[in-house]
Amino acid sequence: MEMERAIENRGCCLVRKFRKSLRRHLLFILTLSAVIFGFTLGFLLRLAEPSADALLWLGMPGELFLRLLKMMIIPLLVCSVIHSSESPLVEGKTNVYEAVPQDIFADLLRNIIPDNMVEATFRQTQTKYSHEMVEQFQLVDNSTRKNISSNQNSTIQMVQKLVKSVGKTDGPNILGLIVACMFLGTAAGKMGKKAKPFLDFFAVSTEVVLQVLRWFLWMTPVGISSLIAASIAGTRDVTGTFSSLGLFVLTVTLGIVLHQALFLPLIFFLTTRRNPYTYFLSIGRAWLIGFAATSTAVAIPEMLNACENKNHIDKRVSRFVIPFCVTLNADGSALFITAAAMFIANISGHPLTFGEVAIIGLLTAIASLALPSVPSSSIVTLIMVLSSMNVPVHAVSLLFAVEWFLDRIRTTSNVLSHTHCAAITHHFNRQGPGKTEGPVMIEEEVELIVHSPDAYNS
């Protein structure tokens, strides 16, 4: 009798643990299932060759999901950076074919210091290019002077001249907002008690925005399946596409896999002495959102959730490091741009020397600092790098055939890199003079309030 009770109690205990684990990981399971469903649906619908209107409505849930998340990015970024900067962590569409590295770098510096904070929420500085016809005097020697009178020593020609100007382009200047908010937060921290109402306002505002985003995240499975299905269904010749660009796709994919599965985990282990693969599992949902949305900015809310709630990374660290990395750190994109530049140069009959490969790496490193976190922005940077190396850019159009796949996998590398930066920064910060509160609990399973549907009723 006692044995039967013990078995029954053990069975009830296992059921409770299973239910608890299921509720904790429910959203992740649904999201992973949505990825599989999206791929399956996309390949099946592709056989029917859906029209543009059909693809529009197939991708509409995903588009609405992205719009919901993007709507909250600026409020979350402004509030979290101002609040986290209270205690500083450290001391101290244009003609893209004519873009040059110095202009990209100059735009980066201009955007760091925005001249209008309100405008920075929806526009950023960008060098514009135009052509003007100007008069140019040309000297004429005696041998070429035929129909020109003897008293003329020069002739006037109309030539086309490239003119640069500092203009604006649509899109939030996230880097400028971060810097401006960092100044405000640091100044408020120096003022002590006087600034407490100011800081409390942004602290509460951050939590309010995060709560709204938690509601939105329950739409993740629907949005992800819609985005993936529409992307694949719109690709007419998947087999032909990958067979013609197979080696290039394989090279980039292998590089991304090595970056995520070997190099980043090795850096993480050597710096924190923690299990990197356990940490990777804890940010799996952010990884999937980045894969579906092809934008690291859209994955910011989930990256913050994973860092703060699952891994106990100090909020002052995560809410400063994550937005900052989104604007300046693009590991996967840099890998893609470098490989793509060498691939395009090779098929265009422009063999590269070792020095030119090194220059491509340097140009990519500079240009990636100003890479916007929007889908396919790496293609624009790639064109700039190729133009700087005098490599024909017409073959870039080939990459658009596989862009739907490569854009997704390189975005996941960026997401992984951002969250690793937050964990490593927290690790060193809590060991230094200005150490933060609480350990980095990476290996411990922590139940998230966002994972429980019933939590929203409380």
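Including glycine, each Cβ sits where the backbone N, Cα and C put it.
TrEMBL has this to say about the protein:
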type	residues	note
TRANSMEM	26-44	transmembrane segment
TRANSMEM	64-83	transmembrane segment
TRANSMEM	174-192	transmembrane segment
TRANSMEM	212-233	transmembrane segment
TRANSMEM	245-271	transmembrane segment
TRANSMEM	277-300	transmembrane segment
TRANSMEM	320-345	transmembrane segment
TRANSMEM	351-371	transmembrane segment
TRANSMEM	383-406	transmembrane segment
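Of the two recorded stretches, the transmembrane segment (277-300) lies close to the transmembrane segment (26-44), with three or more CB pairs under 8 Å once pairs fewer than 6 apart in sequence are set aside. Tertiary neighbourhood of the transmembrane segment (245-271): same-chain residues 277, 279-280, 331-332, 335-336, 339-340, 343, 398-399, 401-402, 405-406, 409-410, 412-413, 416-417, 420, 423-424, 427-428, selected by CB-CB distance under 8 Å and a gap of 6+ residues from either end. Comparison of 26-44, 64-83, 174-192, 351-371, 383-406 by number of C-beta pairs under 8 angstroms to the transmembrane segment (212-233) places 26-44 first. For the transmembrane segment (351-371), the list of distant contacts is 101, 104-105, 107-108, 111, 328, 330, 333-334, 337-338, 341-342, 345, 377-378, 381, 384-385, 388-389: same-chain residues at least six beyond its ends, Cβ to Cβ under 8 Å. Through the fold, the transmembrane segment (64-83) approaches residues 121, 172, 174, 177-178, 181-182, 184-185, 188, 199, 202-203, 205-206, 209-210, 212-213, 216, 219-220, 222-224, 226-227, 293, 295, 297-298, 300-301, 304, 315-316, 319-320, 323 of its own chain, all at least 6 residues removed from its boundaries and within a Cβ separation under 8 Å.
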